[in-house]
Amino acid sequence: MSDIEIPESHPRYESLLTRHRIEVGVEKGITSRQGLIAQGRGEAFDYLLGEQTIPSADEAARAAAAHLLLADHPVVSVNGNVAALCPEEIVELAEATDADIEVNLFNRTDERMQTIVDHLREHGADEVKGLTADGRIPGIDHERAKVDADGIGSADVVVVPLEDGDRAAALGEMEKIEIVVDLNPMSRSARVATVPIVDNIVRAVPNVTGHARDLQGAARDELETIVADFDADEALEAAERAIRTGGE
Ligand code: ATP
């Protein structure tokens, strides 16, 4: 399974490659089997969006970059799908925005946590949080509530790609600024986000990094204007329109 070859000429090459990375992630114990189902759901929405970054998702990525640069303590949360799909890109995003990386799993096992931490280190991460698990997200059942107190627990801005709706809502209740990457504009996670980026994680993460690099020298009030001008409801409506019309 892990050594299939996808011809680059295939019209859906990128999508098949992404699917294949998830298969390999499952084989390596990085991605859970439920992660395969999440991937399938994501692919369906990506297909409807034309497998491209729509303009409203690009605006959201720019607003996300501005939030991250303004943050006191930004954290990028990584689950099994994210680790399998774009580990290097996550490390680059964390570097460009001076953010911590924390592994945060829906189906948490010590073994899978360690496998993902090691995988991220192999892809260039220095420190990876998540193993200490000495903090809790209030209102969530025990295993899924675990976070590092000096990571997500004390972050003011969190990037939560492919987060489940309950936890995204609970993080919002903790008054954190939440940047969600989710291809489904109707998911609960996208709806509770401060900044929902309706785009494939493999495109969205490098795009946020690119915007962060562009905005690196920007004055605080310019970043604050970008943040204030972003309208989450409008972004979700634009994504729904794009889905109905096969892209904007
Ligand atoms: P919610 O609980 O937020 O209402 P859900 O139950 O559908 O939504 P999950 O099944 O936990 O959420 O997570 C899968 C979500 O991740 C889906 O909304 C899917 O569209 C999205 N997703 C899957 N793969 C990707 C990807 N590569 N990039 C961005 N989003 C993705």
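Each residue's number is its place along the chain shown, starting with 1.
Backbone N, Cα and C atoms are what each Cβ position is placed from, and that goes for glycine too.
From a predicted model like this one, the values you see are computed outputs, not experimental measurements.
The Cβ of ASP182 (ATP binding site) has PRO161, LEU162, GLU163, SER189, ALA190, ALA193, PRO196, ILE197, VAL198 as same-chain neighbours under 8 Å, each 6 or more residues away in sequence. According to TrEMBL, the feature ATP binding site maps to ARG19, ARG41, ASP182, LEU183, ASN184, ARG188, SER189, ASN200, ILE201.
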Cβ-Cβ neighbours of ASN184 (ATP binding site) (radius 10 Å):
20
Sequence-distant neighbours of ARG19 (ATP binding site) in its chain (C-beta under 8 A, six or more apart):
GLN39, GLU43
Among ARG19, ASP182, ASN184, SER189, ILE201, which binding-site residues lie by ligand 1, judged by Cβ under 6 Å to any atom?
ASP182, ASN184, SER189, ILE201
